Amino acid sequence: MTAVFGWLAVLVSIPVWGYFAYRAWGMFAFIRSGGPTLLQRFDHLGKRLWRVVVEVFGHTHFKGRPFVNAAHWAVMVGFLFGILVWFEAYIQTFAPSRGWPLLSHWSVYHFIEEVLGIATVVGISFLIGVRLKYGHTERGSRFYNSQAGPARIVEAVVFLEGLGMLLVKASKIAAFGHGSPWADFLSIQLAKLLPASPALVSFFALFKLLTGLIFIFLISRHFTWGVMWHRFMAFFNIFFQRNVSGDKALGSLPTPDLEEDIAPGSWKMLLDTTSCTECGRCQDLCPAWNTEKPLSPKKFVMDMRDAAVENYNPHEGVNVLALANAIDDAVLWSCTNCGACVDQCPTDIEHIDHIADLRRFKVLAESDFPSELTGLFKNIETKGNPWGRNNSERRAWIDEARADGIEVPVIGEDATDFSDMEYLFWVGCAGAYDEQGRKTTRAVVDLLHTAGVKFGVLSTGETCTGDPARRAGNEFLFQMMAQQNVETLNNAFEGVPEGQRKIITTCPHCFNTLRNEYPDFDGHFDVFHHTQLLNRLVREGLLKPIPRTPENRKPITYHDPCFLGRHNKVFDPPRELLEATGVELREMDRNRDEAFCCGAGGARMFMEEKLGTRINEFRAEQAIATGAEEIATGCPFCNVMFTGGVKALSDAPSPNVSDVALMLRSSIADADGTLPQPRPKAFLGTPTRLRAPEKPAAPASPASPVSPASPASPASSAATTADPAAPTETTASAPTTKAAAPAAPAPAAPPAPAAPAAPAAPNAPQAPSAPTAPPAPAVPAAPAAPVPPATPAAPAPAAPAPTPPAPPAASGATPPPAAPSAPSTPAPAAPKASTPPAPAAPKTPTPAPPSAPAAPGATSLPKAPTPPAAPQLSAETPQPPTPPAPPVPPAPPATD
């Protein structure tokens, strides 16, 4: 009889396993037919494999519902281990007393089998109960939209597999004994209820095999049964997730090459759709779904999967046009990009990226988008802000602040560069144009001024970061704005090394874009939200809130902006600031990474909300339910949405909505609103500005062109004092001018390299040579001649320098004006100096290099000297190290 069971199992298994192999290959071909992804998915293979182990066995991406998570973990591990036990059944159908060699005689193996068998039965029973409790017919259930039939089949199969593990063990003990009191603690008890029959062992083994084969056949038959396929595909989806670190696909959107195909339907999207477990965790926290909108993240993924399978041809792949039109517009444009779905998904599906792909295709390829976005796109493109306001209005708040005695340095006006600043305050569109946004901006500036922070603003140099355009699908406009802003910021930070390009902003959308998306456009900055910096100032005692007395402690609730909290994990600084003011903080039920969106993200701030309940009112109701007298936010968009939501919900006095910065300011100011005396301006951390990176090299190579760096050494210290507008090397030159005079005396000295320092010469200060300029024409033949020409370039600055040059002139008696340079070491020095200047004055033609000798001191010199004179000089000076004299010319660096 046992042989019959065994051969029956084999005969049924062969076609089922063959069909499964065929369909598994079909699934692979289906996913492979997708287009390329915008990100690297095959890097750091070892780390990616480790992430699979951590997330699968650690269940690290299962949030909330601890009992459900524990039950799922037990079922998952039981299922995986059950595969080993399941294949053992093939042996037991033929030989009931046998099992895996070695393992079947190991008590630990039997103990693990016993525990996981029990855990599987108990765990799946609990999950079945949860599904029955919440049902799948009510919109409020997370199982709404899920496929109930496949789910029930899977649950039944898992339950029977777990039960089969226990029954095979129990029947085997009943028939042959050898049960272990500790390893088979439950099976021994069940064995007492069963007859001692080897055939019964084979029957239970066959029963276990058949239930598994039914599962394999069904999963092979239906590509769209995600609740089954996720048991295989989730491993791959976790492996190919966007971030090797395991961080969710939040923050930035991948940057596409607009010259390439922008059609949706990448292979990662197809893999995502086949990995969906239909658990409904994403749907449960979706602001659109919870306010009666048609968008359900779960249904969106399922519909994409169904449309892809339906429009898939093994020879042509997936029909992209059919796929793009498979999602209704009302669904596509309801998304706020809040990231709750991505954050909650246990299998790392990237919902926002796929929605962005579809929106991008609709806007750029089909010009199909909500009418409200037409004005948004036009305003951003022509006016540089979403509201179409004039750019000149960006400085209105600056004028008001200055009228009140608050210093607001504007880079490019009050300061030529960033050398004496530590932070650049990116005000943003809302911070400059919105009434409440301007109040927040002013509060932040007041606090920075009071704390003595060195900061500056761009004023009218700012323009929209492009975030609304990108989130609305207009990638072309976004990239245009991004490139423009990155160029502006890089110019403002010229001479400041990466790691010290610090930006603060009050808008989480600007914060996210500057921090996470601009690096794709060579914009590498350290970006801080204003609550982060203000919290630091309070902790370091630079701002001291006045503690409230117990009777004045009013209840306040804080709303986590999606792009600050969930997307960038900034949760504590705003709360710590509020607590520092002495208020009573009351949390809403949904807070931190489970916070409910205000409804402004994903460009929804600029679109009408016509379906269902308004999201801002839904969230405002949650805030009011806390009994708070004031609602704190850290985002100008959230501020606008909450203000509207609160007013719409109540006629009675409603909670005030305010930014955290305003609350902090009021706690620091006195009863009249007057702030404490500002502290002296100082850096919070001592920055190192790379003004003359080559300076140390200069001494090393006396005659080499690199020598210019040597003069730069002084520049480092002068950097802060020297004209900020000058390039880094320029600033360095200033000091070189002083050093130049001494250098002249040692013409023979190899310091010639020092002369190259002239590069730094950009400090026109040395222009002193300029006076020489007039004589230069006459002296051209002399080596000094080249120097004079350069001087003319910067005659104005020359005025001050005349005095310094005079001393050198003395030494070089010949041509007093140019004496410093030419007289010291006439033409001889020219040869070597020429080489150094060449780099410094690329502007000059080949002849210039030879004349450069005179120019070693000043880059411009090579350029200035007349060609004829240059040749002669080169001949005369081929070898002398006159460089010392050149140092003086450096001043003429009128490198125009």
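Keep in mind that glycine also has a Cβ here, set from the backbone N, Cα and C atoms.
Features as listed in TrEMBL:
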type     : residues : note
COMPBIAS : 695-743  : compositional bias 'Low complexity'
COMPBIAS : 744-756  : compositional bias 'Pro residues'
COMPBIAS : 757-770  : compositional bias 'Low complexity'
COMPBIAS : 771-853  : compositional bias 'Pro residues'
COMPBIAS : 878-896  : compositional bias 'Pro residues'
DOMAIN   : 267-297  : domain '4Fe-4S ferredoxin-type'
DOMAIN   : 323-355  : domain '4Fe-4S ferredoxin-type'
REGION   : 671-896  : region 'Disordered'
TRANSMEM : 6-22     : transmembrane segment
TRANSMEM : 70-91    : transmembrane segment
TRANSMEM : 111-132  : transmembrane segment
TRANSMEM : 196-219  : transmembrane segment
Report, as numbers and ranges, which residues of the same chain sit near the transmembrane segment (196-219): CB under 8 Å and 6 or more residues beyond its ends. 1-2, 5-6, 8-9, 12-13, 16-17, 19-20, 86, 89-90, 92-94, 96-97, 150, 153-154, 157, 160-161, 164-165, 167-168, 171-172, 174-176, 225, 228-229, 232
If one takes Cβ-Cβ under 8 Å and requires six or more residues beyond its ends, the residues near the domain '4Fe-4S ferredoxin-type' (323-355) are 55, 59, 61-63, 230, 234, 237-238, 241-242, 248-250, 253-254, 263-265, 268-269, 272, 275-277, 279, 281-288, 293-295, 297, 299-301, 303-304, 306-308, 311, 361-362, 366, 368-370, 471, 562, 566-567, 593-594, 597, 599-602, 604, 607, 611, 615
With a Cβ cut-off under 8 Å, give me the same-chain residues at least six positions beyond the ends of the transmembrane segment (70-91) that come close to it. 6, 9-10, 13, 56-57, 59, 62, 98-100, 104, 112-113, 116-117, 119-120, 122-124, 126-127, 130, 158, 161-162, 164-165, 168, 205-206, 208-209, 212, 231
Could you put numbers on the helix, strand and coil content of the domain '4Fe-4S ferredoxin-type' (323-355), residue by residue per DSSP? 16 helix, 0 strand, 17 coil
Taking every residue in the domain '4Fe-4S ferredoxin-type' (323-355), what is their average pLDDT? 94
